[in-house]
Amino acid sequence: MLQVYLVRHGETQWNAERRIQGQSDSPLTAKGEQQAMQVATRAKELGITHIISSDLGRTRRTVEIIAQACGCDIIFDSRLRELNMGVLEKSHIDSLTEEEENWRRQLVNGTVDGRIPEGESMQELSDRVNAALESCRDLPQGSRPLLVSHGIALGCLVSTILGLPAWAERRLRLRNCSISRVDYQESLWLSSGWVVETAGDISHLDAPALDELQR
């Protein structure tokens, strides 16, 4: 059985400011750095053998801290990037016009083919993050990889493993530096393939983590 751990990046300046990030970037806050150190301690205990990360700046900084603790090399994979949120990136969430807010709500309320102008659909996001997960099956026997990505991206990944459409209503809370685990297995009582073991664990963090749409 292959166990794959999923981690969302640490808190960023724009998370704290309620700005929409998408594939734009802002640095980790001091709290985000602390979260990364705490998840790094947990990752070392888990015996992580490979670290695979989105190549955006906030995930890069998070995995630098994790890799120091685990002694693992880092593989950067652009398929693990956050949803491209088009013309809304960098916007303060409270400054959106009614039209812009309607675009944003499409990503939350389960709109088939919902898309922010110049951005991605949830199906496009799902296709690439699931492909990145499938690549873990090519790792050597006994590997225990850690994938570091983003809130909407990881939420979409876990939800589609559960059998939901990529564009389904967003009802899974994955806070900064939360840990989820998915397993690839053959089972008598579960559908063969990927299954969700845990989602959104924050027991390793010593302070509340933000839960904002901007990722």
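Numbering starts at 1 and runs along the chain as displayed.
Any Cβ shown, glycine's included, is placed from N, Cα and C.
Here the structure is a predicted model, which means the values were calculated and not measured.
According to Swiss-Prot, the protein carries these features:
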type	residues	note
ACT_SITE	H9	active site, tele-phosphohistidine intermediate
ACT_SITE	E82	active site, proton donor/acceptor
BINDING	8-15, 21-22, R58, R60, 82-85, 104-105, 151-152	substrate binding site
SITE	H150	site 'Transition state stabilizer'
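Taken residue by residue with DSSP, W14 (substrate binding site) is part of a helix. Nearest to the residue listed as 'active site, proton donor/acceptor' in space, judged by Cα atoms and limited to the recorded positions R8, H9, W14, H150, G151, is H150. Around the Cβ of W14 (substrate binding site), the number of neighbouring Cβ atoms within 10 Å comes to 25. In three-state terms derived from DSSP, G151 (substrate binding site) belongs to a helical segment. DSSP assigns R8 (substrate binding site) to a strand in the three-state reduction.
For G151 (substrate binding site) paired with the residue listed as 'active site, tele-phosphohistidine intermediate', the C-alpha to C-alpha distance reads 8 Å. Put simply, the residue listed as 'active site, tele-phosphohistidine intermediate' is 18 Å from M85 (substrate binding site) when counted between their Cα atoms.
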